[in-house]
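Now, the feature entries from Swiss-Prot:
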type	residues	note
ACT_SITE	Lys74	active site, charge relay system
ACT_SITE	Ser149	active site, charge relay system
ACT_SITE	Ser173	active site, acyl-ester intermediate
Amino acid sequence: MVTLSSITETLKCLRERKYSCFELIETIIARCEAARSLNAFLETDWAHLRWTASKIDQHGGAGVGLAGVPLCFKANIATGRFAATAGTPGLQNHKPKTPAGVARQLLAAGALPGASGNMHELSFGITSNNFATGAVRNPWNPSLIPGGSSGGVAAAVAGRLMLGGVGTDTGASVRLPAALCGVVGFRPTVGRYPTDGIVPVSPTRDTPGVIAQNVPDVILLDGIICGRPPVNQTVRLKGLRIGLPTAYFYNDLEPDVALAAETIIRVLARKDVTFVEADIPDLAHHNEGVSFPTAIYEFPLSLEHYIQNFVEGVSFSEVVRAIRSPDVASILNAQLSDNLISKSEYCLARRFFRPRLQAAYHSYFKAHQLDAILFPTAPLTAKPIGHDLSVIHNGSMTDTFKIFVRNVDPSSNAGLPGLSLPVSLSSNGLPIGMEIDGSASSDERLLAIGLAIEEAIDFRHRPTLS
């Protein structure tokens, strides 16, 4: 009997021959088939997975590196096994032979391409309600969104359909679904992970990211992706200095989210963490100047460049015409036909607002001698599928996209690393995540801090799949 657990624990069991790789894969396949209603996957190849598992067992390699571990790759990432459709009809036949850099590193270490994760169409959205491929459902409550755009990966990891996964994060798309699904999501410093072989949104902001059961799994996968052994940084909570920029990040939270944040802060304070309540000057102003101007201007340009250079048999205009999700089509067509964001606005975002946003973060960390910043990943918990444009938040109707990405957006625009950790359940049993952000290129230390916080919180809740 195989009990599914984390990647690190699974590798240990495989090395100790507690079960074979084939037995592990059979257990995972059965679980995936039983949970097909979550619509987490666009493509699987169980025959190939079984064959590969048998070969690994025959050669006695199970548990060495990542050998035997199936991962879910978001459908905009080339794996060499599945089509890199980015969840849009126009790319349904796009199947690159060469895996993306981030996939190549993991597959070379022995990981198996377990599934292609369903996603928000072309990554431009946070609900994963894809009108072309169907909505991904949250394993905690199938009537709710899992977050996005890497919703399929997060749902698969939370439901233990796959042991871990790789998504992409432009402004929220790894950390938000991780938070709404009760798992760990890591967005590295921009440039830490390779971005080749990935259908893009905004090259300035895009990065692959890891979704996993726990922080040790993230540390393991991060080291493999970066091509170096994980750095053994042991961090004691006592003496850590963590910033609380309350005016922006703690404003207008759902009551359950606010309570969870207060509880976690008290737990860590009892561990002698020093909290510094101070705001980042002009954060909202600088972030607003970067966020949408950069993403909206770069989206059609980067997508067209990718299609022209890496996709055969279909043109950019054909891909655009085939888009099914109204929210994605409206944004893309508005930029293409009406020049929603002008070149001058884009240049202002890149040359003025983004450097000032980055400088504001740098000065904030330095002035207060901070190790990290702590805040709720999202101001609210998962909401019903279908509320793509507006959602009720604290009694008022608000823009769905803007409220869900509000807290995770600024550090994305600054290119900083962020780690979302599951910390609590709401009164109606939905996961709540807290994020820690670090300064640029502090990824290893941020992960070490996350590990220490994870151990202090000891979140053990899992969804029950029907």
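Quick reminder: no glycine exception, Cβ is built from N, Cα and C everywhere.
Overlay of Swiss-Prot annotations on the structure.
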residue: Lys74; record: active site, charge relay system; DSSP (3 states): strand
residue: Ser149; record: active site, charge relay system; DSSP (3 states): coil
residue: Ser173; record: active site, acyl-ester intermediate; DSSP (3 states): coil
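A straight line from the CA of the residue listed as 'active site, acyl-ester intermediate' to the CA of Ser149 (active site, charge relay system) spans 5 Å. If you take the Cα of Lys74 (active site, charge relay system) and the Cα of Ser149 (active site, charge relay system), they are about 9 angstrom apart, rounded to a whole number. All protein chains considered, the CB of Ser149 (active site, charge relay system) has 37 other CB atoms within 10 Å.
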